[in-house]
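This report refers to the structure that appears directly beneath it.
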Amino acid sequence: MNESQRNAWERHADRLLVEVPHAELSTSVADDAHVDWAATFGRTAPLIVEIGSGTGDSLVPMAADRPESDVVAFEVFEPAVASTLSRINRAGIDNVRIVVSDGTQGLAKLFDDGAISELWTFFADPWHKKRHHKRRLVDTDFAALVTAKLAPGGLWRLATDWEDYALWMREHLDAAPGLVNVHGGWAPRLEARPVTKFEARGLAAGRRIFDLTYRRADAAQA
Ligand SMILES: C[S@@+](CC[C@H](N)C(=O)[O-])C[C@H]1O[C@@H](n2cnc3c(N)ncnc32)[C@H](O)[C@@H]1O
């Protein structure tokens with residue numbers, strides 16, 4: 001971390017980071033971890049989760065646009081978290097908390113089934129090459145986990161600048177029981193999503209940006 005990131009961590013971590021017990025790895029989440037989100041936010045509100053929030057470039061403006069919701073972001077890279085802390089502070093918002101842990105484990109262990117109104121995974125992992133497909137965040141098991149955690153009617157919004165990964169997402173998520181592709185194909189670019197440096201980098205390299213939105217079917221449809 002640079003000096004300003006260290007300062008941001010010291011000033012804002014107590015208020016904005018949620019500590020969870022870890023298992024063997026420092027980014028893991030222990031099986032018995034539990035967070036009372038209503039107590040954490042001081043209210044009961046729809047819960048949005050972001051996995052891989054980076055420096056908060058989309059997290060913070062999107063949370064600021066949704067004062068009626070609370071947003072829990074998972075990010076494992078501490079310098080990026082520190083930058084996000086300062087950004088949240090500058091925005092003057094109180095509806096975001098960050099967990100410095102793996103988002104898949106956090107989603108599985110820290111939320112009841114049906115507790116999430118939305119999940120955001122925007123440019124969330126770097127494994128765009130086919131030979132790295134085993135490391136990809138999005139796969140059939142992850143889709144089942146997300147489906148369980150979303151409330152009926154809840155939305156999963158995704159974006160990537162890698163066509164191969166976008167097609168992989170379609171292949172796995174279009175086939176996932178209990179998820180409905182809201183647009184029947186690629187989603188229009190989510191207007192509320194600011195262009196982050198990762199999206200700009202993809203565009204500058206001539207890549208197309210792929211947005212997707214899935215909805216958890218209600219019990220009758222599932
Ligand atoms: C390419 S960046 C994108 C950041 C942000 N979503 C944006 O669009 O600017 C991906 C981020 O996801 C984080 N990440 C990847 N997999 C993760 C996981 N399973 N849990 C938490 N963070 C993760 C990485 O550390 C990295 O900061």
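Just so it is clear, glycine is given a Cβ too, placed from its N, Cα and C backbone atoms.
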Recorded substrate site member, picked from Asp94, Asp102, Asp161, that accompanies Lys129, Thr196, Lys197, Phe198, Glu199 in TrEMBL: Asp161
Record-annotated S-adenosyl-L-methionine site (TrEMBL): member among Glu50, Glu68, Glu118 besides Glu75, Asp102, Asp125: Glu50
Maximum Cα-Cα separation in Å among residues Lys129, Asp161, Thr196, Lys197, Phe198, Glu199, which the record lists as binding substrate: 21
Euclidean distance between Cα atoms of Asp102 (S-adenosyl-L-methionine binding site) and Lys129 (substrate binding site), Å: 21
In sequence order, those binding-site residues of Glu50, Glu75, Lys129, Asp161, Thr196, Phe198 whose CB lies under 6 Å from ligand 1: Glu75, Thr196, Phe198
Residues flanking the S-adenosyl-L-methionine site, with Cβ no more than 8 Å from the Cβ centroid of Glu50, Glu75, Asp102, Asp125 and excluding those residues themselves: Ile51, Gly52, Ser53, Ala73, Phe74, Val76, Gly103, Thr121, Ala124, Leu137
